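To start, the structure itself, in structure tokens.
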Amino acid sequence: MMQAAWQEISGGLTAPRGFQAAGITAGLKASGQPDLALIVSESDAIAAAVFTTSQVRAACVDFSRQQLDGNSIARAILCNSGQANAATGDQGWSDAVESAEQLAQALQIPSHQVLVASTGVIGQRIKMEALRTGIPQAIAALSPEGGPAAAQAILTTDLVAKQIALELPLGDRTVRIGGIAKGSGMIHPNMATMLSFITCDAAVSPQLWQEMLSRAVDRSFNQITVDGDTSTNDCVFALANGQSRTPAITERGPIADQLEAMLTAVCQHLAKAIARDGEGATCLIEVQVKGTADDAAARAIARTIAGSSLVKSAIFGRDPNWGRIAAAAGRAGVQFNSENLGVRLGEFELLRNGQPLPFDRNAASQYLRDRAAGAYLQDDTVLIQVDVGAGTGQGVAWGCDLSYDYVRINAEYTT
């Protein structure tokens with residue numbers, strides 16, 4: 001990624017100009033926690049999206065994909081939290097359609113300009129009575145400062161809300177990108193429930209905006225794993241409404257590259273926040289791989305290591321077991337010469353040219369304990385570096401350790 005010319009600003013999702021958001025309690029969750037999020041652009045916005053590749057998809061996924069088929073404009077995103085509306089048959093589809101139509105009518109916009117998302121328990125339909133009464137309440141709560149409330153309303157088993165906003169100078173004006181995300185379990189996206197909604201006030205051509213988002217997702221959300229399970233509801237929506245009044249970006253070039261780099265930075269921040277918030281996790285794991293023939297191969301190895309249950313368990317046990325890292329690298333489906341393999345854990349070099357090195361095991365274990373006790377998303381990252389040869393490919397993936405609490409949380413999820 002190019003050198004950052006942007007800076008982080010407050011406001012999250014609604015930091016970009018021309019966006020409002022709300023997060024309310026509509027009664028969809030039995031807990032009484034916020035459960036309905038609404039994001040609205042004051043003007044037509046170019047919409048891009050990436051969806052789950054699961055063959056079992058929620059109604060909201062197929063419906064929103066259909067909404068964007070041949071249409072690149074969206075004005076609103078509605079997300080309910082509590083029921084996934086997946087594996088709910090024809091009635092689930094009808095509920096998704098009605099959700100969009102109800103919102104469009106209330107906002108007085110075309111229904112094809114509404115995208116919908118759901119998260120919660122698979123097999124449960126949306127509580128439509130609560131949704132019908134919640135939509136006007138959410139509209140009434142819309143605010144240019146509503147980003148944090150929307151970030152809270154999309155959560156399920158998450159422990160913390162996930163949001164960010166960045167600002168980039170372009171000439172005598174600035175462009176902003178904001179985003180929110182949710183995800184804690186069932187996280188192994190390929191585009192958990194993993195949802196992310198991104199706003200931008202740049203003017204970008206539809207094809208270029210979609211290409212930017214797809215590449216950003218490949219380098220962020222598609223590089224995280226908590227438990228290896230891909231959700232039925234995964235989606236990323238990105239709206240760009242042009243309200244920054246900067247010149248339209250219609251083709252690749254230095255300005256487009258800067259915007260894409262900032263979009264990728266937003267996605268990577270949110271992706272890492274999801275991985276760190278993995279159910280029962282005590283630390284974030286970052287796996288850096290280099291030396292492959294290309295970047296895709298490096299990303300594949302990194303993701304395999306980050307997703308290895310044995311690696312994750314070793315990190316939770318504060319065990320610097322490099323053998324598990326090497327084994328995971330070897331089964332990633334990427335060819336390399338094991339005699340070139342090198343592994344580092346933090347500052348400790350464990351393996352060089354395929355041969356183990358002496359290291360202070362107690363100090364390495366203490367490094368893992370210190371990361372588990374570190375400040376959230378600051379000093380809590382376990383760094384694993386893997387070198388497989390002389391190639392120029394590089395890749396990064398993120399995950400978390402696997403604790404007893406992960407099993408407890410998921411064993412008791414619906415009981």
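Numbering starts at 1 and runs along the chain as displayed.
Note: Cβ is positioned from N, Cα and C throughout, glycine not excepted.
Owing to the predicted nature of the structure, the values given are computational and were not obtained by experimental measurement.
The feature active site, nucleophile is assigned by Swiss-Prot to Thr193. Annotation source Swiss-Prot lists substrate binding site at Thr156, Lys182, Thr193, Glu279, Asn410, Thr415.
Recorded features from Swiss-Prot, shown on the structure.
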residue: Thr156; record: substrate binding site; DSSP (3 states): coil
residue: Lys182; record: substrate binding site; DSSP (3 states): strand
residue: Glu279; record: substrate binding site; DSSP (3 states): coil
residue: Asn410; record: substrate binding site; DSSP (3 states): helix
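The candidate set comprises the binding-site residues Thr156, Asn410. Of these, Thr156 has the most other Cβ atoms within 10 Å. Over all protein chains present, the Cβ of Lys182 (substrate binding site) has 29 other Cβ atoms lying within 10 Å.
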